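What Swiss-Prot lists as signal peptide is 1-32. Annotation comment: Swiss-Prot describes 50-290 as domain 'Peptidase S1', evidence class sequence analysis. Swiss-Prot lists Asn70 with the feature N-linked glycosylation site, giving experimental evidence as the kind of evidence. The feature disulfide bond is assigned by Swiss-Prot to Cys75-Cys91, Cys175-Cys248, Cys208-Cys227, Cys238-Cys266. Under the heading active site, charge relay system, Swiss-Prot lists His90, Asp141, Ser242, citing sequence analysis as support.
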Amino acid sequence: MVVSGAPPALGGGCLGTFTSLLLLASTAILNAARIPVPPACGKPQQLNRVVGGEDSTDSEWPWIVSIQKNGTHHCAGSLLTSRWVITAAHCFKDNLNKPYLFSVLLGAWQLGNPGSRSQKVGVAWVEPHPVYSWKEGACADIALVRLERSIQFSERVLPICLPDASIHLPPNTHCWISGWGSIQDGVPLPHPQTLQKLKVPIIDSEVCSHLYWRGAGQGPITEDMLCAGYLEGERDACLGDSGGPLMCQVDGAWLLAGIISWGEGCAERNRPGVYISLSAHRSWVEKIVQGVQLRGRAQGGGALRAPSQGSGAAARS
């Protein structure tokens, strides 16, 4: 894509504002009841659409949840502990003070046939990031969802890990996204709504900033965002995938590298998916969520290696 002028530097002050607000985290949340000790994060017990995606296998991604509004799938999210789910803040726009409208379905592979081993839990409250502006494409599009009660862990319901400070994602690192979103713009996932998955490469942030640059004003790619996907389009996240995970495997454990946030259209050429980086917001999550598990490189300090081969299948809102 030919652009006019140079894109702005990545940033926009999002993380600077965020750092000053960390100390203002709600003491009510910090004093919440101690959670039960969970199983090891990021390790499915059973191993074996997203646009251009493919069916996942049952229990392949046991931390993925369906956030439902009035009983209908609305967004995806990821389980962190027995009482906390993480997702995109924009999923609750205009409804932040109406948690009774929402519920969380865990352990479901097919939304049309969730099965007796799935669990459905109400939402107690939602904690959006304090600097999120509620504007489309804004930085800090991340929220924590407090469940009304503790869930029961099983092979179908397990937590995902957050990346520790040793994790870095160089361009062309292959990770995965998953969700129950539309398979094309305006085409919902057909019954029985089987969870879709897609392998996506990380895209250099400067390249992504150029792709989304409009020639004036602040560029939309901020320092707390990651881009991933295929420049040719055809495979991507789509409506209904918002809030779902960008997952990378490190030393046998799956880490939540990012949260599906935004993009232009679905699977359009030169419009890759944009994700909120968990590395950028790890400290905020740790201030609120007691018992969240972090994982990194076994030897410490190393970046993830980009696989020599890849491709796969995809998810967004």
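Note: Cβ is positioned from N, Cα and C throughout, glycine not excepted.
Note that this is a predicted model, so its numbers are computed, not measured.
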Among His90, Cys175, Cys227, which are recorded as recorded positions, the nearest neighbour of Ser242 (active site, charge relay system) by Cα: His90
Residue pair Cys227 (disulfide bond), Cys175 (disulfide bond) - Cα distance, angstrom, rounded: 11
Recorded positions listed as His90, Cys175, Cys238, least Cβ neighbours within 10 Å: His90
Cys266 (disulfide bond) in three-state DSSP notation: coil
Greatest C-beta neighbour count within 10 angstroms, which of the disulfide-bonded residues Cys227, Cys266: Cys266
Number of other Cβ atoms within 10 Å of the Cβ of Cys75 (disulfide bond) across all protein chains: 28
Candidates Cys91, Asp141, Cys208: member of the recorded positions with the richest Cβ shell (10 Å): Asp141
Alpha-carbon distance [Asp141 (active site, charge relay system); Cys91 (disulfide bond)] in Å: 9
Cβ contacts of Asn70 (N-linked glycosylation site) (under 8 Å, same chain, 6 or more positions away): Leu101
When distances run from the Cα of Cys238 (disulfide bond) to each of the recorded positions Cys75, Asp141, Cys175, Cys248, the nearest one: Cys75
DSSP-derived class (H/G/I helix, E/B strand, else coil) of Cys208 (disulfide bond): helix
